[in-house]
Amino acid sequence: MVKKAQTKRQPWVKNLYSNREYPDNYTDASFLKDLRTNLHVRIYTLSEAIAGITVLNNQISCITGFLILYQLMLSDRVSPTTILVPSCGITGIGYLCYRGRSLSWALLGEDSKTLVTVVFFGYLFSPMLHTLTQAISTDTIYTMTFFVLLGNMIFSHYGLDVAMVSKAISLNAAIFGAICLASRLPSSYHAFVLLVEAAVFFVLYPIMTEANWRAGFMVPIFGICCLALYWISRPVLYLYASTTVFINFVCPFIFVWQQQYKFNIHGPWDEAIVEENTDENLDENL
């Protein structure tokens, strides 16, 4: 009689109020028939991961190169003019490569006006910026500089449009760090050159490399930083080189290896995604 009563039960459906003959926690094989795993998952190769992480290493090298120039001027090993003149030349070449065939006399005139205005006011206010944080202790200055440059690295744009990316915060953090370090330099001219280099490293260089970034661009700036650090400090060179190698090779290997453990489930329980009607998908949605 029990078996006969069980055969008369209605088929189980995904509706709690229609399954009065079944326990509340009962499910059958049809419950997971719409389960899908790892939909729209992108599997990256090791070469792709290594090429992608070079953007982060490029930012680290930019910060390192800027700090190297600061140390050279602070120790008076290199004069500010020796740093400023080649930097202006390289920036000019980079500007011509960046503009390319779109360069015109009108565009060159507008960019020249902007350049002259920035340089003029930077040189005009460099004595004030040189003494702005002079009353703060050197340890505090270096601590603040470390954290603001770390913020610059965190909030920089690496090609991903995520919520934490903010070019304004990244740039302001770098400029604030440059102003803090400028107060430790011997003269206002040193401070002016340091601010110019901050503009080159954190404003112009990212603009030029972001549009046409290639993984090979990482090699020259990494080599220059290693040569300069070999002359300045061997322990810092070993730290910089080992950090770069770890980030650029070990981290991508770990990332690629961990991809085998990806397990995303999809089904009717997923949240609904509302698509905005556009000219392209209006007919399909209708």
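Backbone N, Cα and C define each Cβ position, glycine as well.
Here is what TrEMBL records for this protein:
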- 49-72: transmembrane segment (TRANSMEM)
- 78-98: transmembrane segment (TRANSMEM)
- 110-129: transmembrane segment (TRANSMEM)
- 141-160: transmembrane segment (TRANSMEM)
- 167-185: transmembrane segment (TRANSMEM)
- 191-208: transmembrane segment (TRANSMEM)
- 215-232: transmembrane segment (TRANSMEM)
- 238-257: transmembrane segment (TRANSMEM)
Stretch with greatest number of CB pairs under 8 Å, the transmembrane segment (167-185) reference, 78-98, 141-160, 191-208, 215-232, 238-257 candidates: 141-160
Whether the transmembrane segment (141-160) meets the transmembrane segment (238-257): three or more C-beta pairs under 8 angstroms: no
Segment proximity, the transmembrane segment (238-257) to the transmembrane segment (215-232), 3 or more C-beta pairs under 8 Å: yes
